[in-house]
Structure formats: C-alpha cells, structure tokens
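> I'd like to ask some things about the structure below.
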Amino acid sequence: MTNDLYAVVGNPISHSKSPRIHSLFAQQTGEAVEYTAIQAPLEDFAGTVHHFFDHGGKGLNITVPFKEQAWTLAEHRTHRAELAGAANTLYLDQEDQLVADNTDGVGIVRDLRDNHGVPLKGARVLVLGAGGAVRGVLGPLLDEQPASVVVANRTVARAEALARLFGREHSGIELSACGFEQVEGPFDLVINGTSASLKGDLPAITADVIRADTVVYDMMYSLQTTTFNQWALDHGAVRVFDGLGMLVEQAAEAFFVWRGVRPETSAVTEELRTD
C-alpha cells in the first residue's frame, strides 16, 4: 500500500519540526502517511501548492511567510480560518476544491487547558502582540469564556482592530486594546504572541502584570528557557511554558482534519524536548 503524501511549506523550512511530529503521529496511529518539508520560492507559493495537489498530495501545513497567501488561495475556508485571516492547513474537499483551515488556536487552547491544567474560563488574560500569530489564536481563546482579554501591542491601532473584529463574535467578554506601556496588571494568564524572544528582546511591559500565581506562556519555543519566560521567572512567576506543546497540538488537529484520527500528543512533545 502506498503512503498518502503530506508536507509543510515555508521559506525557510529546514528548521521545521513538522516532519518529525507527523512521522511520530503516523507511527503511533498506524496511518499510511508520508510527510516532507517543501521550501517554496517567495514569489511562487501558489505554484508550489498547485503542483503538490496536482501530483496527488493530500494535505499541506503552511508556515511563515505564507499563511496569509494560503488563506487567499483557498476556494473555501473554515470558520476558524475565516476569523484568523490566515491558514496553516490546506486540503482538497470531495469536489477537489481547496479548503483552508487554521489549527493554531485549538493548539494553544489544548496545550494550556489539557496539558498544563490552566483554567481559561473566567480568567483575566493579557495577550502581547497583534500580528498574525495572535489573530490566529484569539478566536479559540475567547471561545473558552475568559472574564476579560487585553490585547497589547506596540502599534495600538492594530490591537484595537483585533479587539473590534473579535468583539463582534464574543460580545459577552470584556475585550480591550492598549499599548505596551498602558498595560495594568496583574493577570491570571499572560501570553506572549510577539516574536521578541527570537531576537532576545522583550515587549515593553512592566513586571506588575505578573503575580506568583500568574501563568506565563510564550508562543515561541527553544531548547533553553525563552527570553520572555526567563524575564517572567525573574519577576516572580512560577509556571511558565513555551510554545512547543502548541506546535504539537496544532499538528495533531491538522492530522485529525486530514485523517479523522486524533493522535496522542504528550509522548510526542516529550520526544521533541529530548531530540
């Protein structure tokens, strides 16, 4: 029996953990899946996608810098992809129409709620950043019914635009926006959705957003403690998590969308930590 073909598309892509994750899922579930990494030319993402599906490919994951292009390219979008304005998962429906989905938000919610036991319902949440990473996760976070969510960003107008967009769908939740300097804590949960940790930088917020019982979550991940999580630990936080679990959970949701089988994730996350 031949394996069904899947891949992750990005540029650059050599660093991607997705092939490793999906090969572990395939081993665990017994699904006949072959999963590779494809570096698409920056100027021809669409051609790369069409070539993949024209040659029998079954599904794609999409990473930077192509998530918005994937959303635009699709003929149909799931509701969560529509809200996210970006897609990290593509597949063909029964009519061979390209469908865009976004599993990032489900990924962070499952990691926080199920893997780390973080209560989201009724929580006071601070989300740092207003780019594509944050837009991709806000909908599923709000679906968990936190008491309030503050979106803080260097450019306040971008945070305000997100608050307006998601406020229409979640009118029962206090959703507000501000600049980094205007944040007033403390919070039950602080999520860093900026890429500052990758550059060794920090968002310009003060430590009063953190109490000892504040959960801090950096959507970036690394072998060492991320810059943001180290800052949080230095200012009294006890529970800090990086985004590796989110990466595995969003991959598991994509696997489920494609195959109808939901892989078990904790062993895969542990294996990646020790790779």
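Cβ atoms here come from the backbone N, Cα and C positions, even for glycine.
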> Suppose a student reads Swiss-Prot and sees Gly129, Ala130, Gly131, Gly132, Ala133, Asn153, Arg154, Thr155, Val156, Ala157, Arg158, Met219 listed for NADP(+). Which of Gly105, Gly107, Gly243 should they find annotated at that same site?
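Swiss-Prot lists Gly129, Ala130, Gly131, Gly132, Ala133, Asn153, Arg154, Thr155, Val156, Ala157, Arg158, Met219 binding NADP(+), and from Gly105, Gly107, Gly243 it also lists Gly243.
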> Of the residues Asp104, Asp208, Asp234, only one is listed by Swiss-Prot in the shikimate site with Ser16, Lys17, Ser18, Thr63, Asn88, Tyr221. Which is it?
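Answer, per Swiss-Prot (shikimate site with Ser16, Lys17, Ser18, Thr63, Asn88, Tyr221), from Asp104, Asp208, Asp234: Asp104.
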> I'm trying to understand the geometry here, so how far is the Cα atom of Gly131 (NADP(+) binding site) from the Cα atom of Thr63 (shikimate binding site), in Å to the nearest whole number?
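Between the alpha carbons of Gly131 (NADP(+) binding site) and Thr63 (shikimate binding site) there are 14 Å.
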> So how far apart do the NADP(+) binders Gly129, Ala130, Gly131, Gly132, Ala133, Asn153, Arg154, Thr155, Val156, Ala157, Arg158, Met219, Gly243 get, largest Cα to Cα in Å?
26
> Of Ser16, Lys17, Ser18, Asp104, Tyr221, which binding-site residues are close to Val156 (NADP(+) binding site), meaning a Cα within 10 Å of its Cα?
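None, since no candidate lies within 10 Å.
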> Sequence order is fine: just name those binding-site residues in Ser16, Lys17, Ser18, Thr63, Tyr221 with a Cα within 10 angstroms of Gly243 (NADP(+) binding site).
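Within 10 Å of Gly243 (NADP(+) binding site): Tyr221.
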> Comparing the binding-site residues Gly131, Gly243, which residue's C-beta has the most other C-beta atoms within 10 angstroms in this structure?
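Its Cβ has the most other Cβ atoms within 10 Å: Gly243.
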